[in-house]
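As structure tokens, the structure follows; a few thoughts come after it.
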Amino acid sequence: GQSNLKSPQDIQVYVVNTNFTLRWNYTGNDTNVTFSAEYRFEDFETNETEWKELPGCQNVTRTECDFSSAVTEYYDTHHVRVRAERREEVSPWSSIFEMIPFFIAEIGPPGIELQSTNGVIKIKVSPPEANQVRKMWIAHLRFKYNVVIWENSSNAEFRSQSIFPTDTIDNLAPDTTYCLKVQATLPLDLKEGLFSPIHCVKTTRKAVNDLLCATNVSVLALNMKFHLHWNNQYKQHVSYNVQYLIGYLKKLHDDYSVKWLNVPGCENITDTQCNFSSVITATSGFYYVRVQAMSEYNRSCLSNDIKVDPLVTNEIGPPGVKVDISDVLLHIQIDPPGGSESELMREHYDLSYRVLYWKNSSNNEEEIKVKEIKQTIGTISDLTPSSLYCVKVQAFSDVYNKSSPFSEEECIKTPGDKTLPLIMLATFAVALIAVLLVATPLVFLLYQAYNKIKYVFFPSCQPPLNIEGFGGQVFSSLYLSTTEEQTENFSIIETIITEEVNQIDFKDYKHSKQSSRDSGNYSNDDDTSGSKASEEMLQKEIV
């Protein structure tokens with residue numbers, strides 16, 4: 001049972017699309033040796049793991065074989081082994097090669113068609129496996145294509161760019177032969193395919209620029225409001241249609257030239273601008289826009305296509321800012337860019353806000369401070385009382401590396417320090433209490449002194465009514481100073497005198513007069529003489 005045949009080595013399987021090739025090395029010097037292979041795969045439905053003859057790889061004389069017809073499950077695990085054979089003699093089996101077809105498969109070259117016209121090259125690419133029934137790559141719409149193009153000369157410079165299945169290659173020199181090759185890729189699967197065979201074509205001369213065509217076509221977008229602008233170089237009457245194409249249609253391998261649509265409101269216009277925001281209904285995809293110019297003679301010309309990726313093309317406008325102040329905090333309320341109509345934009349951009357604030361004073365060295373927030377409401381602390389603070393805000397998106405201009409500056413003054421008024425109020429209260437404590441006894445003393453002086457110099461007591469006016473004397477005049485001019489005194493003596501007047505009354509009167517004289521404060525010579533005359537007259541009347 002022993003054999004002198006050596007086992008094959010370096011077993012490899014190469015897969016391109018659905019084409020499978022088994023290769024190996026054989027180091028023996030034996031002649032008339034053939035090779036046969038077996039395979040097995042894990043069938044989870046039947047649990048079959050038995051080795052079977054590999055179709056296309058039985059009794060082959062070369063060190064490779066094609067077994068494409070044997071594999072139909074591209075995501076199952078397969079095992080392959082090979083041995084050498086000579087008549088009845090066989091070698092031991094080689095080591096087992098394990099594979100999952102999809103993971104080791106390569107993308108085959110795409111098919112291409114070229115057309116040279118008006119100074120450009122029109123190219124049409126067909127996907128790998130385009131004409132095959134069995135396909136390794138089911139989602140052909142996921143393919144992306146790269147073209148490498150160069151002049152067919154000794155000093156060629158290679159240029160690479162991405163293209164759609166149907167596309168145009170421009171910026172070419174006229175009357176020049178260009179060669180190119182195309183590669184299909186699956187970026188999500190990290191797979192790059194094989195290049196197509198090289199194709200060469202000669203360019204033509206470009207026709208003279210048609211003055212009817214719109215030039216300098218550009219898109220200006222702010223806060224998801226999209227405007228298309230262009231220049232008119234035609235001297236006669238011209239009207240325009242703005243057309244758009246949904247981007248994914250260019251990824252199809254069908255002819256999309258008939259799928260352009262007119263933008264509502266931008267049909268048969270004479271202006272050189274148009275608002276096409278109404279057709280931007282999604283932010284995840286992209287669009288193409290162009291301008292069709294039409295003369296009055298039913299002649300038309302199409303401008304170049306402009307790609308619009310909404311979230312990339314759009315620019316973020318400045319936010320609105322409102323500020324308010326409390327005791328110790330500066331409150332900032334931010335109105336997002338675009339207002340309430342741009343909520344979709346804000347959600348996709350995941351906007352943040354950069355707040356710049358500073359104390360506005362004559363000192364130019366005041367530091368500008370920065371605070372970044374996610375919400376549309378923010379607060380700033382550590383403020384200086386009675387100071388003017390200014391704020392401006394910028395919106396930005398880290399995801400798209402975009403930022404808006406800064407908003408207008410908003411300034412507000414912080415309230416004064418309330419500690420000083422409290423101190424002043426407390427000081428006033430203490431001083432008032434101290435004044436009251438000192439002033440109350442003083443006022444009391446002054447009041448007592450005033451009463452004493454008034455009692456002494458201005459007594460409140462009055463003489464009896466029967467004495468007041470007796471003998472015509474006005475007793476209130478007793479307090480007049482001696483320097484007052486003397487006036488003649490008159491008195492009216494009632495004629496009716498009752499018999500009850502007695503000596504006691506007279507004596508009392510004399511006693512009262514004597515007391516008045518003894519005081520020495522109110523008497524003078526004239527008064528004394530007058531009193532005596534009145535006394536004598538009274539005595540006579542009594543008698």
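Quick reminder: no glycine exception, Cβ is built from N, Cα and C everywhere.
Copied over from TrEMBL:
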COMPBIAS  533-543  compositional bias 'Basic and acidic residues'
DOMAIN    7-107  domain 'Fibronectin type-III'
DOMAIN    315-417  domain 'Fibronectin type-III'
REGION    509-543  region 'Disordered'
TRANSMEM  422-447  transmembrane segment
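According to DSSP, the domain 'Fibronectin type-III' (7-107) comprises 7 helix, 45 strand, 49 coil. Look at the domain 'Fibronectin type-III' (315-417): DSSP puts its residues at 11 helix, 46 strand, 46 coil. If you take every residue in the domain 'Fibronectin type-III' (315-417) and average the pLDDT, you get 86.
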